[in-house]
Amino acid sequence: MEKYSFESVQELSLRPNVWEEYIGQEKIKKNLKVFIEASKKRKECLDHILFFGPPGLGKTTLSHIIAHEMGCNIKVSAAPMIEKSGDLAAILTNLNEGDILFIDEIHRLSPAIEEILYPAMEDFRLDIIIGSGPAAQTLKIDLAPFTLIGATTRAGMLSNPLRDRFGMSFRLQFYEPKELSAIVICASSKLGRSLSKSGADEIARRSRGTPRIALRLLRRVRDFADVGEYAQDMRNQSEISLECVRYALNELGVNELGFDELDLRYLAILAESRGKAIGLNTIAAAMSEDEATIEDVIEPYLLANGYLERTAKGRVASPKTYELLHIPFLEQKGLF
C-alpha cells in the first residue's frame with residue numbers, strides 16, 4: 001500500500017517515533033496524550049481523527065506516533081488510490097481490531113467512496129450493494145473496530161457528513177524558528193553530521209515554518225558540505241558552519257525569508273496588478289502552474305505571514321509584498 005522514493009525513505013529515517021522525539025505542536029500533543037491514555041485505560045479504539053493544515057507539518061508523523069503509543073498496526077493509503085468500492089472494502093476487511101487506517105489527501109475521496117465509509121466509521125460495518133435495479137441487494141459485512149486518521153491540506157473540501165464523523169479534529173500550525181532549529185540539529189546527528197547552532201538557526205529561518213522543508217534543506221546543505229565547492233573549506237572543520245549553510249542555501253536560490261523563485265514570481269504577479277484582485281486561474285496561467293500547487297504549496301505561508309490577502313474577487317498583494325520587492329505602491333511599473 002505504501003510506496004516510497006529514495007528521498008522519502010531518507011525522510012522516514014529522520015522521522016520521530018515517540019512523543020519525546022516529536023518537537024512542536026505542543027497543544028495537539030498534550031490533548032492526544034490524554035485521549036490515547038483514556039482509550040488504553042478503557043481498552044477501546046481511539047476515536048477517529050482528522051489532521052488538517054499546510055503540507056509538511058507532521059500529519060503523517062503524528063499518525064505513526066499514535067500507532068506506536070497505542071501499540072497497534074498502522075496501514076497507510078491515499079485517497080487517489082481508493083478509486084472503487086472494492087478498493088476500500090479490501091482495505092477495511094484486512095484491518096485487525098484496534099488497527100489504524102491512515103488516509104492521506106482524504107478530501108479527494110469520491111462521494112461514492114464516502115458513502116461506504118460512513119457506516120464503517122460509525123458502526124464498523126460495510127454496506128455493499130450487489131447488483132442494480134430492483135434486483136439489487138445490500139450485503140452487510142461486520143468490521144473489526146478500527147481508528148481512521150484522515151489528513152488533508154484542504155479541510156474546506158471535506159463534505160460535512162464526513163467531517164462530522166471524526167471525533168477529533170486538529171489544525172497543525174506552522175513551526176517557530178526555535179522549534180525548527182531543534183528539529184534540524186536532531187536530524188543532523190541522525191545523518192552523522194555535526195551542525196553548528198548558528199547553521200541550524202539559519203536553516204530554520206529559511207524553512208517557511210515547515211519541518212519537511214527544513215529537513216530537505218539540511219540534506220542539501222550536507223551535500224554541499226561533502227562534495228560541493230565549499231567542501232574543501234570543510235575538511236578541517238568538525239561541524240558544518242554558518243558560512244557553509246548560507247553558501248548552500250544561496251546556491252539553492254532560497255532567500256533569507258525562505259522564498260524561492262516560485263514564491264517571488266507569484267508575489268511579483270500580484271504586485272504588478274497595481275492593487276487589483278487577480279483570480280487564481282489567471283495566476284496559475286501566468287506561472288504555468290496548476291491551481292492546487294499554488295493553493296497548497298505557495299499560498300499558505302505567504303497568507304500566514306501577511307504577504308497577500310484573499311478577497312471575493314481574487315488575490316491582492318499586501319503592502320508587505322511591495323516593501324519586499326522594493327516597489328512603491330503608487331509607482332508600480334511592469335516587472336517582466
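Glycine is no exception: its Cβ is also placed from the backbone N, Cα and C atoms.
Binding of ATP is attributed by Swiss-Prot to L14, R15, G56, K59, T60, T61, E122, D123, F124, Y175, R212, and within the candidate set R163, R165, R222 the record adds R165 to that site. Within the set L14, R15, G56, K59, T60, T61, E122, D123, F124, R165, Y175, R212 that the record links to ATP, no two Cα atoms are more than 37 Å apart, and one pair reaches that distance. Taking a C-beta cut-off of under 8 angstroms and a sequence separation of 6 or more, R315 (DNA binding site) has the following same-chain neighbours: L270, A277, I278, G279, L280, I283, E299, L308, E309. Other Cβ atoms within 10 Å of the Cβ of R310 (DNA binding site), summed over all protein chains shown, number 12.
Across the structure, R310 (DNA binding site) and E122 (ATP binding site) are spaced 37 Å apart at their Cα atoms. Taking DSSP states H, G and I as helix and E and B as strand, the region 'Small ATPAse domain (RuvB-S)' (176-253) has 54 helix, 2 strand, 22 coil. Mean per-residue pLDDT, taken over the region 'Head domain (RuvB-H)' (256-336), amounts to 88.
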